[in-house]
C-alpha cells in the first residue's frame, strides 16, 4: 500500500520481476532423512527406516554399513532431485560418520589480550555450569561433545560460515583491540605488583603533597597583608579556578584512553600531534626542573632566615640585601647549589630513596597546617600569649634596631620606648641627639597575634599596595630601622608570585603507570586534591587575616619579630613544628621534581621527535635516566643563579600555564569536534569550561609578565618549527588531523592519504542507490536508508549519496533526469537532517559494475574520502531479478576495493528520525573486525532515535572457550574503550548438524542449479542473436557477443567456462574409456583412473560438507539470535566474508547463507570491516 506523505506516495514494495519463484517444496523433493552427513543422498532401500545418529562411539555393525552408491558412484543432491523416488518408499538407514576430534592447538600469544584468551582454553573449574543456547552444559558434557563433534574443526566451532583462518573468533576479536606491544607487555608484567595503588595513595595524597609547598608558608600571609582579605580571596579564586578547570580537562582527556609514560606530555602529544606535544613537553620538563630550584631556594630562605641564621655569610645584617647582586642573594645561590648537589646524589641512587622520603614530607606538611589552625584557636583563647611588636607612629620597626640578638623576643615591649639607648641611636643617629620631631613620635607595643576576637579580620579587608622600599603606602622606609617591601607590589605581581603554590595537579597523571584503575583514580583523586588544597588556602588566608595584625602580615621576612617566620609564631604548640615541617616539605618537593623531570625528558627522547635529544634516551641498567638527570641538574643550577624565590616563581608560572592551557585546548577541541574516539569515562566536562580554563591561563600569563609570556610562546613556537622541520614523523592520531577533516583546501593538503590512526577513524559513508525520478512515488526503503545514515551523524564523518541511473550520459534528457534525481535526493537529505553531498551517475546497460568500481576508486579528495558503503538488503529473496544482481554488484565491488560494508536488512522496518526507540541494541561479536561493529552500535546510541536503547554486547563462545574468563576479558575491553554496555556470553556447544541445515542446503543447491540453467539458456540465446547481429555488421561473432552481452552474462563467463571444461573432461574420460577398452590398456592405467575418480569424489564430498557446515552455522546463529534477541530494537552482526571471484553460483549460495542467517529478524545491520583497527583504548 502506498503511504501518502506531503502529496507524494511512498512504497516499500518496489518493482519486482515478473518471473515466479520456482517451487522447491513439492513432493518430488526427497525426504530430509535421505540426506547423508556428506551432503549426498543414498539410493533407496526397501524396508529401511531413516535414522539420524551423531556423536558418540559407533558399534562395529555400524562401522560395517556400506556407503550407498548408485551405478557405482555416489549421487549429488541435485541428481537426487531429478531421480527422487516417490515419497511412499522408505529410505535406507543412514549413519552419520563422526571421526574423533584432534585436541585443540593452543598457541601462546605475546600480547596481553592474547594471553588472556589463552587462559580461556582451560575451561571453567570442575562443577561450574555454563549457560548456553541449550541450557546448562557441564565440563564433562563439553569434553564429550568435543570428542564426538563431526565435520572437522569449523564444524565443531559451529562457525564454518565465518571461517577465515582464525582458531578462536573471540580471541581474535579481542586481539583486534590490543594496543600494548611486546615491550609494553613485558613492562606491565614486571611492574604488575606495583599497579595496585588506589585513589587515596596513588593520586590524592601525592597530589596534595605536591601542591602544598613552601609558598604557602612563606608568602600566603604576606599576600593577605598586602592585598587584603577581599582581594586575596579573589586572587586565590582565580588561581584555584584555573587549576580546577584544568583538572576537569585532565580528567576528561586522561579517561579517554590509557595514559602512558610522560603524563601531560603524553596527553598533549597524542592529541595535538608531535610538534605541539614536543613543544609543550619541553616546557613542562622545564617547569619541573625550575620548580626544583624554586623549592630549594625557598628552603634556603627558611634555613638562613629562621632555622640557622648564623650560617649566613656576611652575618644577619645582610638578610635585607635581596637585590640581584645583594649578599643575601649570593647566599641563596651558594646554599641552593649545595642542596641541589645533595638532591642529585639522592636521586642518582634511585627512585626508591625518593619514595622513602615522600611520606615524611607529606606528614610534615599536614602537621604544619594543623599547627596553624591550632595556633589561631590558641591565640583566641589566650591572646596574651601572642607575640608583640613595636610601632613608631604608623611605622613597624625592626626588632634588631632597638634590641640585641641575645635578648628574648618576648620582652620586646620593655625596649619599645625612646629611653632605650639603642632606639635613640637608631632613630636619632650614633650620637643619640633626637630632634623634636622624633621625640614627638608615639611608640606603641601592640599584640601582633590578637586572635579571632579582635578587629583584625575587619582591618585586614583593605589593601596596602606600595612601592619598593616603602613601609606604608605613603611613607618611604628607613631601611635600617623600618620594615619595608623589597619589591613593588600590585595585585598582578602577587598573582605571579603565588600561582606556583597551586600547581602540581598533574601528579596523578604522572603516576598512571602505578594505578590499579587510572580511569577512576585520576579524576576522583585529582579533583578531590585540588578542592582540598583550595579549601586549605582559603581557610589559612582567613586564619591569617583574622588572627594576625596587618602590620605583622606585611613583614615578609619577620624583621619585626626577631627574624622569626611570621606564621611560625602563630603555630601551636611550638614554632619549631612549622619551621622544621616547612623546610622538610621543600626538600621533599624538590626531590619529587628532580626525580620526575628527567623521566619526562626520557619520554620525549624515546619518541624520537627531537633528534638533538636522542642521547638522553639512554638509561642505566636499573632504568634510571642518568644522562637526563645530569642535564636537569645543570638547568636547575642555572635557575638557582637567578636568586630569590619570587623571581624564580615568575618563570615557573609560564611553563606550567602553557601546559595547562594546552590541556584545556585539547579537551575543548575534542568536545567541539565530537570525534567517535572521544568517549571519556569522566562525563562532567564541557567545552566552554575548557575554553574558560585556557583563557584564564592566557590572562595570568599576559597580566603578570607579558614579556615572559611572549618569550614562552616564542620558545614553544621555535620547538614546534624545529620538530616540524627536522623531527621524526609520527602518527599518533592527533587532533589537528581530525580538525583538518572538516576544513577546506589548506587542511586537505595536510591530510595524509594513508589509513588514519584508530583515534581519527570515523565512518565516512557512501550510500549507493538505484533511484528513478518520479514525482508521485518515493521508495520508503530509500528514505529510511537516508534516515539511518543521519542517525550515524555522531561519527562526524563525510556522507556521499550516489544514485546510479540507466541512460546515455551524452543525452540531454538523461542529464536533466539526473539533475532532478539529485535535487530530490538533496531535498530528502535535508528532511532527514543528513549533512553530505548528493551525486548522480549515468551509465549504460552494461556499465553498472564498472561505474561502481570507478566511483569507489575516484570519489573523495585526499584523506577526505568514503570508507564505508551503506546499502539495503534486496526486498525480495529472489535471485533472478535485477535488484539481486545490483545488490551483489555493490557488495562485490565494495569488498574488492577495501571498503567497509553496512547492510541494512528489512530497511522498511527501520525507524525514521521522528521516532524514539526503546529496548536494546544487541551487538554480536562473532569474528574479528577491528571494532567497527561496536563503534557503529555506540554511534547509534548518540542519535535521538536510539538514545533510549541500551547497548548489549553478546559474544559467541565455542566449545573450547572458558566463558567466565571471556566475560572478564570482554568487560575489561569495553571498560578500556569507555563504552557502557551489558555483556552476555552465548555458547553454541551443540556440534550436531541440524536437519534444518540439510534442508536449506538442499534448497540452495536446487535454486542455484535452476539459476545456472537459466543463465546458460540466456547466454546461448544471446550468443546466437549477437552472432547474427555481429555478422551483419562485419564483426566476428565472439566480439559481438562481448559488446552486447548483459552484465550477468559477463559475470557468468567464468562459471560457464568451468561447466564447459567439466563437460569436456567428461567427454574426454568417456573417449579414454572407450579407447582403453578397444586398445586393451593395462590394469595399471585402470587403477590410475580409479584413483583420479576417487580424488574427484573426495573433493566433491569435501565441498558438499563445507556447504552443509556453512548452512549449519547460519541456522544455529539464527536460532541464537531468535532466542536471545527476539525483543531487541536492533541487531548488529558481522557480515561473513563474500566469496571471491565471479562465480555466480557461489554468490547465490552466499546470498542464501545470509538469508538463512537473518531469517525472520526485524531490523538487522550486517557489518563487514576491512580488518584494520578502528577503535582504540589509547588517549
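Cβ atoms here come from the backbone N, Cα and C positions, even for glycine.
According to TrEMBL, the feature compositional bias 'Polar residues' maps to 48-59.
Look at TrEMBL and you will find 1066-1075 (among others) tagged as compositional bias 'Basic and acidic residues'.
What TrEMBL records for 1081-1102 (among others) is compositional bias 'Basic and acidic residues'.
What TrEMBL records for 203-374 (among others) is domain 'Amino acid permease/ SLC12A'.
Sequence annotations record features per position, and here TrEMBL assigns domain 'Amino acid permease/ SLC12A' to 488-735 (among others).
What TrEMBL lists as domain 'SLC12A transporter C-terminal' is 899-987 (among others).
Confidence in the domain 'SLC12A transporter C-terminal' (1084-1177), given as mean pLDDT, stands at 81. What TrEMBL lists as domain 'SLC12A transporter C-terminal' is 1084-1177 (among others).
For 1-69 (among others), the entry in TrEMBL reads region 'Disordered'.
The region 'Disordered' annotation in TrEMBL covers 1051-1107 (among others).
The list of residues near the transmembrane segment (197-222) in space but at least 6 beyond its ends in sequence, with Cβ under 8 angstroms from a Cβ of it, reads 295, 298-299, 301-302, 358, 361-362, 365, 368-369, 497-498, 500-505, 507-508, 511, 514-517, 520-522, 524-526, 528-530, 532-533, 536-537, 540-541, 544, 548, 553-554, 556, 565-567, 578, 582, 585-586, 588-589, 592, 645, 649. Taken from TrEMBL, the feature transmembrane segment applies to 197-222 (among others).
Taken from TrEMBL, the feature transmembrane segment applies to 234-255 (among others).
Per TrEMBL, the feature transmembrane segment maps to 293-313 (among others). Within the chain, the transmembrane segment (293-313) has long-range Cβ neighbours (under 8 A, six or more residues past its boundaries) at 213-215, 217-218, 319, 327-328, 330-332, 334-336, 339-340, 343, 500, 557-558, 563-565, 568, 579-580, 582-583, 586-587, 589-590, 593, 636-637, 639-640, 642-645, 648-649, 652.
What TrEMBL records for 334-354 (among others) is transmembrane segment.
Sequence-remote contacts of a segment are chain residues at least 6 beyond its ends whose Cβ falls under 8 Å from one of its Cβ atoms, and for the transmembrane segment (360-377) they are 205, 208-209, 212, 217, 451-452, 536, 539-540, 543, 546-547, 567, 570-573, 577-578, 580-582, 584-585, 587-589, 591. Look at TrEMBL and you will find 360-377 (among others) tagged as transmembrane segment.
What TrEMBL records for 489-507 (among others) is transmembrane segment.
Annotation comment: TrEMBL describes 527-547 (among others) as transmembrane segment.
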| the domain 'SLC12A transporter C-terminal' (899-987), counted residue by residue under DSSP: helix, strand, coil | 26 helix, 28 strand, 35 coil
